[in-house]
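J.: Got these off TrEMBL a minute ago, pasting:
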- 21-40: transmembrane segment (TRANSMEM)
- 60-79: transmembrane segment (TRANSMEM)
- 86-105: transmembrane segment (TRANSMEM)
- 111-130: transmembrane segment (TRANSMEM)
- 142-165: transmembrane segment (TRANSMEM)
- 185-204: transmembrane segment (TRANSMEM)
- 211-229: transmembrane segment (TRANSMEM)
- 314-333: transmembrane segment (TRANSMEM)
- 409-439: transmembrane segment (TRANSMEM)
- 459-485: transmembrane segment (TRANSMEM)
- 497-518: transmembrane segment (TRANSMEM)
């Protein structure tokens, strides 16, 4: 029954592979349970309140619990409804935009209301068939380029999150550098290297579960190293220091205090520390989840253009209607095309696409993803979306929704076992992203580089995704350049009419700053 429902044998997989793939996907993206509270919890809205309404600090435990709950439920839904090896959680980048770009100009409830509005709009686009039509309108070889670009992107994510590649301090001529100031330092980098080499060796030897074994072994090594040397975290946001530690650095932090590039905010950094989670065995493995943030949104609050008076008597101006629309448009376009890229990449890597590069149950996949945006806003944790880290599970052999069921169940357990998940450091999980990036790069041979109408857009898409740290930018520039080159070649009949609409929308997306200035 399990095999027939998920088509496990039909897709060339086994139950064991699906379970391993589900575990690997979870381990690779479980960091979001710890990271989302830091991003959302460290920002104030226009009233000076933190997420949840308190002036004294955000409820980090509630954000973590809701993040895990929504990730679990939505990933289960993806597996059961769409039968696709894809996990969902709060979208990185989107959550930063909501915290810094939107909530700072209104209340948290209003900002989450805009996320719900964006989700409802994108759901309508799915139900009307528009989102699926756009997906199919993209040329098949450009879809391959999107997949390859995402492979490079997740490789860069893995290298950056592990500290192997870092931003060059100050304003030097080189934007990024190897390790800290051109040197690999600290035990965490050794753990990353150990995990990467172990995974490669196991893959070359065709050992089943190579990625999962690598993550688990690296985590165990991390715990031993932290126990012996007490390294601590490599970075603490100022908001966490103020709200969690009362403005005083904890004695266990071995870092230094510096100013940011603007010279205003304090940064607490330790170049030799762990990237996010410090791998220590927690005192308690179980925590009671707090779901109090659910429903804490105001659907149309952002459209109160008159503003309001803050508790301290300060008048807060409401945003303009153009600004509110642009907020929704930015969320919508990023969510829309990030998912197009992610689904394309996962489907291609899993060998599930047809000759035109389309995946099975495409409309169901996009429907669940659109519901995720609504659910994220309703849960006050920002828009939820499909995760490219799911490619790590596919690299382990996942081909069906059973892997998503496994990942979803693990996230639901995490609502109670958050302390245990915090044991896994970036450095133990990120080697999986580098390995999967290699696997996705292998598709580059299928692109016709002799056709400028495909080759140049493919090149731009592949390069810009990692260089801009944004999937949507790569897709947008790729589509726009494809349309322009085909027109110049006199081959306009080969351009799907929807690509003209998409190109126009991306032009608006790229011109948001001038539009904001003109309409201010």
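The backbone N, Cα and C atoms fix where each Cβ goes, glycine too.
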J.: So which of 21-40, 86-105, 211-229, 409-439, 459-485 is most in touch with the transmembrane segment (111-130), counting Cβ pairs under 8 Å?
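T.: Against the transmembrane segment (111-130), the leading stretch is 86-105.
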J.: Let me spell it out: take the transmembrane segment (86-105), skip the flanking residues so only those 6+ beyond its ends count, and list any with a Cβ under 8 Å from a Cβ in it.
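T.: Cβ under 8 Å, 6 or more out: 25-26, 29, 32, 35-36, 39-40, 42-46, 51, 67, 70-71, 74-75, 78, 111-112, 114-115, 302, 319, 323, 327, 330-331, 334-335, 338, 342-343, 346, 365, 368-369, 372, 376, 381-387, 389-390, 393, 404, 407-408, 411, 469-470.
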J.: Between the stretches 21-40, 142-165, 185-204, which wins on the count of C-beta pairs under 8 angstroms to the transmembrane segment (60-79)?
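T.: Result: 21-40.
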J.: Using a Cβ cut-off of under 8 Å, list the residues of the same chain at least 6 residues beyond the transmembrane segment (142-165) that approach it.
T.: 31, 176-180, 184, 186, 188-189, 192, 234, 271, 275-276, 340-342, 344-345, 348-349, 353, 357, 388-389, 391, 426-427, 430-434, 436-441, 443-444, 446-447, 454, 457-459, 461-466, 469, 471, 474-475, 478-479, 482
